[in-house]
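Okay, so here's the structure we're looking at.
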Amino acid sequence: MKPPPPGLRVRLPAFVCVAQVAVVASYAAFVTYDEHADARFQTNATVAADNALYADYPAFAHIQVMIFLGFGCLLAFFRLYGFGGMVFNFLTAAFTIQWAVLAQGYFRFSRGGVIRLGVINLVNAEFACAAVLISCGAVLGRTGPLQLLVLALLEVPVLACTEWAVLEHLRIHDAGGSILVHLFACYFGLGVSFALYRPGLNDGHPKATAGYRADILSAMGTLFLWVFWPSFNAALALKGDDQHRAVLHTFLGLSGSTLAAFALSAALNRDGKISMVDVQNATLAGGVAVGASVDMMISPAAAYALGVAGCAVCMLGFRYLTPFLARRCRIQDQCGIHNLHGLAGLVSCAAGICGILMADEETYGPSLYETFAHMAPPEGDPRLRELRVLVPGLKPGLGRSAREQALYQVAAVVAVVGVAAVGGVLTGFVLKLPQLAAPPDELCFDDRLFFEVPPDYDSAVPLADVTPEDSAADEHLVM
Amino acid sequence: MKPPPPGLRVRLPAFVCVAQVAVVASYAAFVTYDEHADARFQTNATVAADNALYADYPAFAHIQVMIFLGFGCLLAFFRLYGFGGMVFNFLTAAFTIQWAVLAQGYFRFSRGGVIRLGVINLVNAEFACAAVLISCGAVLGRTGPLQLLVLALLEVPVLACTEWAVLEHLRIHDAGGSILVHLFACYFGLGVSFALYRPGLNDGHPKATAGYRADILSAMGTLFLWVFWPSFNAALALKGDDQHRAVLHTFLGLSGSTLAAFALSAALNRDGKISMVDVQNATLAGGVAVGASVDMMISPAAAYALGVAGCAVCMLGFRYLTPFLARRCRIQDQCGIHNLHGLAGLVSCAAGICGILMADEETYGPSLYETFAHMAPPEGDPRLRELRVLVPGLKPGLGRSAREQALYQVAAVVAVVGVAAVGGVLTGFVLKLPQLAAPPDELCFDDRLFFEVPPDYDSAVPLADVTPEDSAADEHLVM
Amino acid sequence: MKPPPPGLRVRLPAFVCVAQVAVVASYAAFVTYDEHADARFQTNATVAADNALYADYPAFAHIQVMIFLGFGCLLAFFRLYGFGGMVFNFLTAAFTIQWAVLAQGYFRFSRGGVIRLGVINLVNAEFACAAVLISCGAVLGRTGPLQLLVLALLEVPVLACTEWAVLEHLRIHDAGGSILVHLFACYFGLGVSFALYRPGLNDGHPKATAGYRADILSAMGTLFLWVFWPSFNAALALKGDDQHRAVLHTFLGLSGSTLAAFALSAALNRDGKISMVDVQNATLAGGVAVGASVDMMISPAAAYALGVAGCAVCMLGFRYLTPFLARRCRIQDQCGIHNLHGLAGLVSCAAGICGILMADEETYGPSLYETFAHMAPPEGDPRLRELRVLVPGLKPGLGRSAREQALYQVAAVVAVVGVAAVGGVLTGFVLKLPQLAAPPDELCFDDRLFFEVPPDYDSAVPLADVTPEDSAADEHLVM
């Protein structure tokens, strides 16, 4: 065996040291407390129970579970790469959130050059973190920790800038993050994977197999994501009935995709057997597919049907598109993120546009202009004054028609996919720098490269006994 | 080895397809949003923070964890049936909740033929789901996914109808679901198991053994249930002090049963060793045992003692009753649900009746008539007007005495056990239909039948080396 | 193999039986409901949503997850001691909380000889439980369940009495429990370990090795602790902005320590490889290090830097101090609690004192006198009346200057460390009583002594093949 790539011992600490000095300096220079966290704003009229903490913290905690436990377990499905799957996710996520607070703060949340930190900033940073972790899924096991950190370092500002352009300027509707989490993350990740293409892995890798206990752990990760996904989709919706609908729709969508995933898994397998890859991934497609319309009055039945549709495209993608992308387009998609996040994300965006086109005052009442801020009359419009009688405190909008808004949504999808793909490819080329200690082909999917491993690592099946042919887990290795 | 039963490839997708079309059609026809989720009801007087979502969602999320992660891990204790234990639970639960929303909606929550969906409906559906999953525990590893789905299909309407009769007509008190979750589920499950009796499994099955890592995972499932059980028992109690007591009592009951379970496990083992089966099950008996009286003023000491008592009957049931039922009554109870849910449930019902008999205005103050709605004076009674001075908005009750109510409770227990047992036996006979693809005896407790398995499945111990005699895990195979 | 120590079959049940009778009797005699859980206090002015349950339950539930799932998984890292690590933690925690309710109630929360039980008491008891579990970490695998229960039995009253002295009399500031959880627990545990010194284990133990799947499970435990630590540190802070800052600081501190832990782990390893021991422990140092200043206006950057500093001392302790303590001071620290809780706790205390010295009205506004109750003017001081105009309901304080308070904090640290160490040593000598069934040297770290184990226990690697020399997991065995 060749020695491991030299220098993780120096390079990882060096990168972290520089990063931490920069983070401390930036936080010291630019970050202070927001008014709900600052003792000076606690006047004698302040009621402690009204602190924004109590409205935002439950969603924050739930999404923390999704990111650290959900993704962490889900990515630990390789038999010999359980440490890497779980703890590089931990490392990357911890770095991404602290960095996203700064990047999103710079682009979106600063006032007077100062970022006012509250739990709500952490929730927004968690959305960026979810995007980074999804992107990492495309190159799981083929990248070292330093590469993952640099990936996060580069993806976060691109994402934050895109969010700023799309949310603040195009003013699109994307409560569940279909465009700015799922689509962005997917095409960024595929771009990275394209740049990191390894022809040597194209015929399967002997270590890229799932393990029995590892698959069960991975399914637990799916369950963590499944259970708390309603909190994710509702976190950034408007408080009140909008969040209530978001919870209902997400739950229904996930229910629909779960049943469909089991059924399609058996139907598409020649022996009628269920594949754990499908259980681990396609069951979640409903959460993605309802994302863009999650706070709209689309009806419970439509949310359920969306979940089924999202699952169907996801399953078909796993069976037919992923192998095609690997063979023909040099895009190796280790976790199949294109199916779960890309294809289901496109379904979601289409549904969101339909939801916008069908929104009317009859269905929504006057709160139409809150849920769809773009439809509210602009400042100065006399209609705004009328509406404010019905909806006190209504913010002025853009006075766009539904059709106009639909065009903006389409434009945003196209722009986000383009920016993400280009950004991903460029990032991927940066990740090829030899200083970033990419694992050599034969030590991909192998914890021994980066970790001290206990003696029972690899005891279960001598590796020589495992041939890719006899391995159902092959499907994890989508080539 | 015989080929697997033909047709899961066609039958599971066919069933799911029909089910999903029916679900979408039914939701489209009958389900709309409740007022807290409907944008039209958001008037200018609506305060978003008052949305029922914020009161109901925490309990919903906690019970989701219990159902999907708690039960999922707990049922994965077989060494070679970890996929089946965890993910058939996932499939069954996802199907049950969507179906229970309809069934409970039809029987209990529809107004004008319309089911108004809110998170509270999902919480109620989760209770029905818990019942179905408990029932499935009796036949774990001996049933295929199609059988489990049909079981849920049949159990849910029987349960919903029973709930309607018992809660709306008999008007019984059952905050923690002792009667309508634990007893119903237990006797339904035993009925199913009776009908699915397999004499061939009566002398032990070589694959029905626990595994070391599997047992640890299963204990994690227990811990998920243990930690969130207070949320389950409190979810449907009255808001305020009733829920507060429910949390305290459940915690105390579980604490009592946990200590007792360890002690009795050592005491009943000839070597003084602790059995993981007991740790995984009997520690939870306290949560069941306090269920029926969980919101009453029974005193903390009584809640603790109830936990100990529930654990004791559960442990004795595991040691003596379960083998007896298997040998003499043709009831094979794979997970010992009769001990945890049946026996501890009966303790709970007895305690609930005592709590009702001892309830008086001295202990409860005027809120007696809120907690015990049956004791409130009926509409038209002048006493109702007096009480409404003390308790504004008090709903009219039935004017029953405590003794009358106790008789209703007894009647409900008897009726529920009877209905559940008969329903279970009938369901069990339906499950024997050859179209439902029951696993053959030799492929019970074996993931290879329904799943693609990775190559390290079964690597730990060649199966031939395991004889039931040398296996402590035998106790999982309660025959 | 020698037979197991005789009598767990009798002694564990006997201890539990006596304990449960005592608990029931004590609860019956001294414990009643607090006003938020008592039906009689529900008057017609009571709004159910104002019940303290809703403010306290989320923290309670999150800390439950930390204690039962977080610690439970974290301590299951030994390959052959997974049952013991996870379920003795379960047993000890369940016992400790019920006992701490009584002990803390006696010393701190009783009014008129009566303990009024609410969820807030359970939260306080969970803090005591965390301390006991940390102490147990020092002797993990070398103590039987009866010893652990007796350890809890003795540690809890010493801790409760210390809390009473330090919080009610010295009136120190310790929102995150740095002094009363981490330092107390650490030095108590080291004291116990000193008394239980086993020279026979000083050259390594063949079974004291981590396992591959076990290490992954242990990392999950770390993630549970990591995710919910903000709830722990915020639980006992003042409601409102104080809790908001506690959440932000804990998250930032943990983020800082996580990055630093990965970097230092690679830097301190001769091959530049990451050790899972560091990932499992040092990533959490930030949560400890911000504890004492967690609710102060220390700035986000300082919280982050504190996390990095806490991690650095923790890592250096693991590498250099723990082996020294084991070899020279006869203190074997199985989980390295001195590094994570002792050293990082001292960093935290120092930061807390700095925070106190720098607190002024300019930074905090008038709420200074709420956060730092010791600075509020005493009853009768005319300044108190002035301040009450700004902060209605301000409680009278002690009128201490910041310097005085800093001295009290130092005195508290010294006193707590001293009391804990002496209490720990004395407790350790009690634990040596032969009746408490300590495991013999050769059966330490071995589940077979106390559990029925399934047949695949120990199948992965025949024990003879594992020599401590070739085991990276050696570091778990810090000698």
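In case you wondered, yes, glycine gets a Cβ from its N, Cα and C as well.
What TrEMBL lists as domain 'Ammonium transporter AmtB-like' is C:27-433. Taken as a whole, the domain 'Ammonium transporter AmtB-like' (C:27-433) shows an average pLDDT of 94 in this prediction.
Annotation comment: TrEMBL describes C:12-33 (among others) as transmembrane segment.
Here TrEMBL flags C:59-81 (among others) as transmembrane segment.
According to TrEMBL, the feature transmembrane segment maps to C:87-107 (among others).
Annotated transmembrane segment per TrEMBL: C:119-140 (among others), in sequence order.
Here TrEMBL flags C:146-167 (among others) as transmembrane segment. Outside the transmembrane segment (C:146-167), and at least 6 residues removed from its termini, the chain residues within Cβ reach (under 8 Å) are 8, 11-12, 15-16, 19, 88, 91-92, 95-96, 99-100, 103-104, 106-108, 128, 131-132, 135-136, 139, 174, 179-180, 184, 188, 192, 412, 415-416, 419-420, 423-424, 426-427, 430-431, 436-438.
The feature transmembrane segment is assigned by TrEMBL to C:179-197 (among others).
Residues annotated as transmembrane segment in TrEMBL: C:217-238 (among others). Residues 58-60, 62-63, 65-66, 69-77, 82, 123-124, 127, 130, 175-177, 210, 245-247, 249-251, 254, 258, 276, 279-281, 283-284, 287, 290-291, 294-295, 370-371 of the same chain lie 6+ residues outside the transmembrane segment (C:217-238) yet bring a C-beta within less than 8 angstroms of a C-beta in it.
Through the fold, the transmembrane segment (C:250-268) approaches residues 176, 226, 229-230, 232-234, 274-275, 278-279, 281-287, 289-290, 294, 300, 303-308, 310-312, 314-315, 319 of its own chain, all at least 6 residues removed from its boundaries and within a Cβ separation under 8 Å. What TrEMBL records for C:250-268 (among others) is transmembrane segment.
Annotated transmembrane segment per TrEMBL: C:301-321 (among others), in sequence order. Beyond its flanks by at least six residues, the transmembrane segment (C:301-321) meets 248-250, 252-261, 264-265, 268, 277-278, 281-283, 285-286, 288-290, 293-294, 336, 338-340, 342-344, 346-348, 351, 475, 478 of its own chain at Cβ-Cβ distances under 8 Å.
Feature annotation from TrEMBL assigns transmembrane segment to C:342-359 (among others).
According to TrEMBL, the feature transmembrane segment maps to C:406-431 (among others). Long-range contacts of the transmembrane segment (C:406-431) within its own chain (CB-CB distance under 8 A, at least 6 residues past either end) are made by residues 135, 143, 147, 150-151, 154-155, 158, 162, 165-166, 170-174, 179-180, 183-196, 346, 349, 352-353, 356-357, 374, 400, 438.
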Within-chain partners of the transmembrane segment (C:87-107) [C-beta distance under 8 Å, separation at least 6 from its ends]: 19, 23, 26-27, 30-31, 67-68, 71-72, 75, 115, 117, 121-122, 124-126, 128-129, 132-133, 136, 145, 148-149, 151-153, 156-157, 159-161, 163-164
Contact ranking winner - C:12-33, C:59-81, C:342-359 against the transmembrane segment (C:119-140), Cβ under 8 Å: C:59-81
Winner by Cβ pairs under 8 Å against the transmembrane segment (C:179-197), considering only C:12-33, C:59-81, C:342-359: C:342-359
Remote residues contacting the transmembrane segment (C:342-359) - C-beta distance under 8 A, at least 6 residues beyond either end: 173-174, 176, 178-179, 182-183, 186-187, 190, 285, 288-293, 296-298, 302, 306, 309-311, 313-314, 316-317, 321, 368, 371-372, 375, 402-403, 405-406, 409-410, 413
